[in-house]
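As given in Swiss-Prot:
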| type | residues | note |
| --- | --- | --- |
| ACT_SITE | Lys75 | active site, proton acceptor |
| BINDING | Ser24, Leu25, Ser26, Thr71, Asn96, Asp111, Tyr235 | shikimate binding site |
| BINDING | Gly136, Ala137, Gly138, Gly139, Ala140, Asn160, Arg161, Thr162, Val163, Asp164, Arg165, Leu233, Gly256 | NADP(+) binding site |
Amino acid sequence: MSVSVSVDAETNVVGLIGHPVEHSLSPAMHNAAFKELGLNYVYLAFDVPPERLEGAVRGAADLGIVGLNVTIPHKEAVMELCDELDRDAELIGAVNTVRFSRGKIEGFNTDGEGFLRALREETYFDPRGTKSVILGAGGAARAVSFKLATEGADEIVIANRTVDRAERLAEELKEKVGVKARAIGLDGDEIERELRDADLLVDATPVGMYPNEDEPPLVTADQMHEDLIVNDLVYNPPRTRLLEEAEKAGATPVSGVGMLVYQGALAFELWTGEEAPVEVMREAVLEHLR
């Protein structure tokens, strides 16, 4: 689904800054949404190397750009340029959405809320009183674990190849939110033990992401149980080998497409004040992944 965009002197500009950005699905997703609602907006992708971040952000504000999505490697560095941060951005320690408003640079993080909205939509999952096992300890794992913790999760286990990094995240979760959290390695037996009474498994690593779709998953069907929800944050491909393992186990598989769409929908609403056409955005993403 290619989207033609009409631009005039009154078109509102939003966009993405990162390095690199050429494979991003965000322009297709947002421009489809603007067209659906008849909004005079255009979404562009800007490749900004780290040494030019401050100039790009301040220049965008001066040019009257409405807002920006922020991706790797700028999510942490851009925080220093923001005049205001929302609670999620402060907790997670990263910004993925910027809004230029009233002469200020406002920073938000919609990743955690996008993750939870997608999960609730597909499974009716309620984090309260639950146990989750998170694979990975990077930016996506931080967003997911802090959102689960602030929404009432009882226990969060961070599993990472570098256990020290997982331990730092677990300590932050305990200190900032007061949730029961601990760290483990990626040893299969240890993960299997933790999954026995877990409600949710989230893979926040790039394992299985295009072009490495055939990479073996970190968890297999024999380590899962049928009451487990398995959410792979990888969205390309939409159906990963981990999700195939979940199906074999009778568990509930959840693709990463939903988180991508909902974090974008939340940014859309911050910029436009309009309710995002989520299904149009989802279809635009899936069309580009086919």
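Cβ coordinates come from backbone N, Cα and C, glycine included.
Apart from Ser24, Leu25, Ser26, Thr71, Asn96, Asp111, Tyr235, the shikimate site neighbourhood in this chain, defined by C-beta within 8 angstroms of the site C-beta centre, holds Leu16, Asn69, Leu260, Gln263, Gly264. The number of other CB atoms found within 10 A of the CB of Val163 (NADP(+) binding site), across every protein chain shown, is 17.
Counting every protein chain shown, 16 other Cβ atoms lie within 10 Å of the Cβ of Arg165 (NADP(+) binding site).
Sequence-distant contacts of Gly136 (NADP(+) binding site), defined by Cβ-Cβ distance under 8 angstroms and a gap of at least six in the same chain, are Ala159, Asn160, Asp203, Ala204, Thr205. Ranking the recorded positions Lys75, Arg161 by the number of CB atoms within 10 A of their own CB puts Lys75 at the top. Ranked by Cβ neighbours within 10 A across all protein chains shown, the binding-site residues Leu25, Ala140 are led by Ala140.
In the structure shown, across all protein chains, Gly256 is the one of the binding-site residues Gly138, Gly256 with the greatest number of other Cβ atoms within 10 Å. Taken over all pairs of the listed shikimate-binding residues (Ser24, Leu25, Ser26, Thr71, Asn96, Asp111, Tyr235), the Cα spread reaches a maximum of 17 Å, rounded to the nearest whole number.
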